[in-house]
Amino acid sequence: MASRHYSAKNTTKKIRNIGIIAHIDAGKTTTTERILYLSGTIKHLGNVDEGDTTMDFLPAERERGITIASAATSFNWNNHTVNLIDTPGHADFTFEVIRSIRVLDGAVCILDGVAGVEAQTEKVWKQASEMGIPKIAFVNKMDRAGAGFGRTVKEIVSKLRTRVALLTVPVFSKSSDQVFEGVVDILNGCVITWTTGGDGKQTVVVPVSEASAEVQEEYQKARTALVETLTELDEELVEKFLESEDYMQITTEDIKRALRTATINNDIVPVLCGASFRNIGVQPLMDAVVDFLPSPAERPPTDALIAKSYTGGKKSKVIPERAITLDDSMKNLCCALCFKVVQDPQKGTLVYVRVYKGELKQNSVLYNTTSGTKDRVSRLLKVHADTTSEVTSITEGNIGVILGSQGLATGDTIVCHSIKKDGVMKLPPDNRLIQLKPIAVPPPVFFVRIDPASIGDTRPMNEALELLLREDPSLNVSFDDETNQTTLSGMGELHLEIAQNRLIEDFKANIVIGPIIISYKETLNEPTKSITKTVEPEPGAVSTVRLRLEPITEMDEACENENVIDHEQNTVSFPYELSDADLESVGEGNQRISFERDTKELTPEIMEECFRVGSIPPLVSCGPVCRLPLRSVRVVIEAWHIAQHINNTASLKTATRLAIMEALSTANATLMEPIMNVYVSVNEADIGLVVKDLSGSRNGQIVSIMDPSQLNEGDIHSEEYVAMATNTYVPADYTMYLSKHQDQTRTQQSVVHARVPLREMVGYLKTLRSMTQGRGSFTMEVDQYEAVTPDKIQPIVDSIFA
């Protein structure tokens, strides 16, 4: 494969890193296929239903017709390099969406013109907004009966809470069935129509002045509304307007400048429409991506951390982490984030990276600041789904792939010297501690047991699991030494199903997989007695700790010097300085321990790390009921002692671990289970069945039944955007009457909000589809963990040990 450089025109200002986000089935992958085809990147149009799309290249994706992994592709549009990521829409793959959004500079949100703003649309929109990602909206499927462009635009304003700028509005044929055939381009003052049944390349462009009177009137309304909205955000445009006092006299160039600024500042969202499956409206969408979404140079400086470090010797101390931004003062630094790892059956390990600073060159020596290891870049690629082209470097702001590295995992930060290929160790020491803010992994709630089919299959199984975890850190693998069982946990049923398929089909692991099990936890019913443990690894090197465990309730206030141990809401509190009474009682029986050392060597930060690290192992795997992880437990360090000549805390960590294990061995504990907030969208006719099922056989509690527009009722900001939506210009939805039944079905949907134990939601999607003839949908998220009722404990224990 020939290597090649990208030409000088591909500077940072000419780069667009964008992602496609949406609810499942809104048309993300289909839109991407059309973009690739119209840009000349592919020669054949793929079809999701036929399983031959370019971006959905995993076998499981083509089989199910859904996107699972975020495929990345690069192409050219209007003399710009566009790096595009097609993300999943299914809620089980939220982490895949989050880690993709992390590396974007802009996003295109695809909406179904019939369904409007859906549950997952709101979720991914919120995720992008929290990261400050500018967005464009594309109302898709305008060729479908019941599609409502105006209605969907108003939902964008009210539900997604944003101003909008309409750049295209739909055009329909004058026949009785009013076929969607094109758009009015508001910026350029023309009507664009596409040949029916064509591939999207054949268009007819007519000036608005030559269009019908109705189209001319709609164009004037839309352009006036666009300029009027922008004058609320741009003072320079106000001055232009005051010169003529006519919105129609504002030039296209002035509108584009103001709109670009407002979009990049997240003050407004450009909105376009089309029908990707019919190849209509895609070119104006891509023109808008280039014209209005930011380049990497127009995004805020990249935030990073200088990681916590330690100085050695007798005066050892912790240097706390500190926040920084990557700027021009960091000479010769190349810094990149590994945001995705894929095991390709032909090419091997593909590590997708976004370069935030400097230039990543072939054959450079890398330093992985996450793991503290070095590696070398052998080959670099630009990727188009499952095809690649080799490059000699990846420039600042660009996205590419490192081929063949075995030491990199999703979320790792890598640094190297931008000029000297082996100069990484010549960078300032702080540069080798830089960590781009890690991608937060949500805690998993489902798990399955995985066993090798035979003893000889154990090693291949473990190797396959290691590869899988490098790809997807939202999966978690744990091993129980006592039962010799391996457990794989994930975000949902589909998530684990896909992971199992990857292990068997792609990694050829010969394994036996158990049924889906819920992620139960354990907690204490009451405090334990105090336990004292002494460790003496060598004569005179005594470390002693006295501690107790107690449950944390919602009413508890944090203790002094209390520190969070893990994401299970476990904490540890300890006294940094001990009183004489504490010291006299540290020992057991007649033993008295004196405390005479100079504590300057053992700073509060070092002691916090000591007790936290010592607490983690037993809290993860020593639950007294089922050896499950503990939750909402406070480790109270009552007293501690380290012999004066010891300069580290290793033995005290051991004493802490052993003391917690002993305390747990006789603790009064119970099980906790995840309680989910479940939101079920159903037609009014199906509400009775759904409510009966949730509150009856599934032991759920119905919180409310409401219209979707009421979900944020009472929120002053929500009310503000509802009012804004009412006053937002939109064209009339002439085609909605063509599907009165479908529109009625949609507008009469309600949302049932219930709190349901997760164990009762396993397999719920199939039941819901059966009850609603396939029309119902639901989302759920963890509300909190609650104690299992006594009558349910033994059946759950039996199922865990089955």
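All positions are counted from 1 along the displayed chain.
Glycine is no exception: its Cβ is also placed from the backbone N, Cα and C atoms.
Among the features that Swiss-Prot reports, domain 'tr-type G' is placed at 13-297. Annotated GTP binding site per Swiss-Prot: 22-29, 86-90, 140-143, in sequence order, evidence recorded as sequence analysis.
Under the DSSP three-state reduction, Met142 (GTP binding site) is assigned to coil, being neither helix nor strand.
A helical conformation is recorded for Lys28 (GTP binding site) in the three-state DSSP classification. Its Cβ placed at the centre, Lys28 (GTP binding site) has 29 other Cβ atoms within 10 Å. In the structure shown, across all protein chains, Ala22 is the one of the binding-site residues Ala22, Met142 with the greatest number of other Cβ atoms within 10 Å. It is Asp25, among the binding-site residues Asp25, Thr87, whose Cβ has the fewest other Cβ atoms within 10 Å in the structure shown.
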